[in-house]
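What TrEMBL records for Lys481 is ATP binding site. For 365-427, the entry in TrEMBL reads coiled coil. For 455-576, the entry in TrEMBL reads domain 'Protein kinase'. For 10-59, 60-110, the entry in TrEMBL reads repeat 'RCC1'.
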Amino acid sequence: MDKDSSQTGWQLFSAGDNSYGQLGRSNNNKIPGVVQGLSQYNIKEISTGHFHCAALCEDGTVLGWGKNIGGRLGFSKDIQEIKTPTKINGLPHIISVKCGTTFTLFLSDDHQAYIASKNNQHSLIEPIMLKEKAYRLFGHWDPWIIGGNGNTYWVNEQTKETKIFYTAMMFPKQIISLYSSAFLLSRDNHLYALSMENLRPSVKGSLTITKNTHDFTLLMPNFLSSIDKIAGINDHLLILKKDKKVIVWRADRYTHLGIGESKDNHDNFVDVTACGNAKICDIAAGDGFSILIDNEGHLWGFGDGKDGQTLQGRSNGTYSDLISDVTAVYCGCYYTLIETNASLSCKTTSPKQPIIQQPKKAYSNSKLHQENRTLQEKLSLKEKENFDLQSRLDQALKNVTSLERINESKDKEISLLHQQIDELKQNLTANDSYKPHKKEYLSSKMMSQEEIDEFKRGKSIGKGSSSEVIQVSREEQYALKILSLQTAEGDDENDYDYEYDSDDLRKSQTGSESILTMEQCRRFLSEYEIMCQISHPNIVKTFGICYGDEENPPSILLEFCPTNLGKCIKSYEVQN
């Protein structure tokens, strides 16, 4: 919720160590005072680092103050510290900010994460590259980012390299980065932990809550369930439960931290009992101290408060009477920032007669504070749902575009195939036009005598001086022209009336049977070669030749024709 001081009376107080200007003001650091220069801004978010702070404004600008050594706030590295809130230049429109030990994280409105760090090598503010859009910023000792898909990223501040933890099924709600351990609070209010020994080797030998260095491990699901919030920056961890009770881990014996005893509790989870029956609604932890806020807007401070960071003023109690109507609290290393809707109430007399301002409408303000927290949680959930839906929509649109391209490519491929099919059909039709429609002819080939003998022989249909033609059949009728090797003279009985079987051949014979036979064979083969080269519907077809064997002379398989050309012509003349 926006914190418009000009309309709501909202103010930001600070107390504690001010060695680098992190209080954003001057005067007595042990007595809470108003951070200067914020009254003209509509503040949306506050974040505290080790010794520096940042405030996000409604217009997307960021104000920074405190330690800037190495450029950790985003100001020039020549500037060591900023005493009062000052605008950080060079940033895009920012929607979230998070301060750490020596860095500051920024999240732009296009969900790109940036970092200002003393370890930046190229510019004051550098982008952090993730495998997905950034969604939320966390961390103190180390930068941590939750991506839009629910994965958690640890960022190496020096190299800007990232390590991904696949925590989407945990639905991360909050990340706390201590020195030795990292904690993850899921949206189903369970607590997970990770040892930092692998990611930060200097941790080795330090006390860690888990030995698991590769993944976040679920901690004591029965005891640590229904958790509302966690807080911590260095050694100890505060846990606020749904029942408004607080648990602390690593309660050092020199600080007590509200556990009501002084024994060492380094490795235990212990209930905070110093608040009695007060219902706690907000928590914050610094280095060796803790701050709690109850549902009436009162503040409780525990632990090391020598610099005024526990807001006890000059007293050593736990319940602070210096300030009232507190709505939120933030802790740095040795200092505290407090949001309030009421004025400061300071001790100006002796501790025995404190002047305590009675909170005006404390109950209604605390109720509004609770409603505000509830609405913020609901808003956070809705923003997460909206971001998830937008991511899914973007992915779906990419898939649609990809499918459209594939579909277009397939359409072109199908069109080309149709063209090829049409061409093949045309070629097939053209080829079919050359084929006889009434008969299916055999191809011309060399035939054996066995193949010739398979034909059923019929009557003789012609005879010349060199060959005889007889009718043969298999499934269809053919004509078989057989070479005659004898030299006997006789009338030409060949119905085909071949011209080369005339008396001229007989006159040229020398009387030698072998010469006559060779000449007959030569002319017989020449006849076959010529007829094989002729393809015409009015010319008899040649299907094959057989060279015969010891008992059978050579023969030619021809198309059967029931009559000859002469008879055909005579019949035609008679009919006309």
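Glycine too: its Cβ is placed from the backbone N, Cα and C atoms.
The Cβ of the residue listed as 'ATP binding site' has Ser467, Glu468, Val469, Ser555, Ile556, Leu558 as same-chain neighbours under 8 Å, each 6 or more residues away in sequence.
With DSSP states grouped into helix (H, G, I), strand (E, B) and coil, the repeat 'RCC1' (60-110) comes out at 3 helix, 25 strand, 23 coil. In terms of DSSP helix, strand and coil, the repeat 'RCC1' (10-59) has 0 helix, 21 strand, 29 coil.
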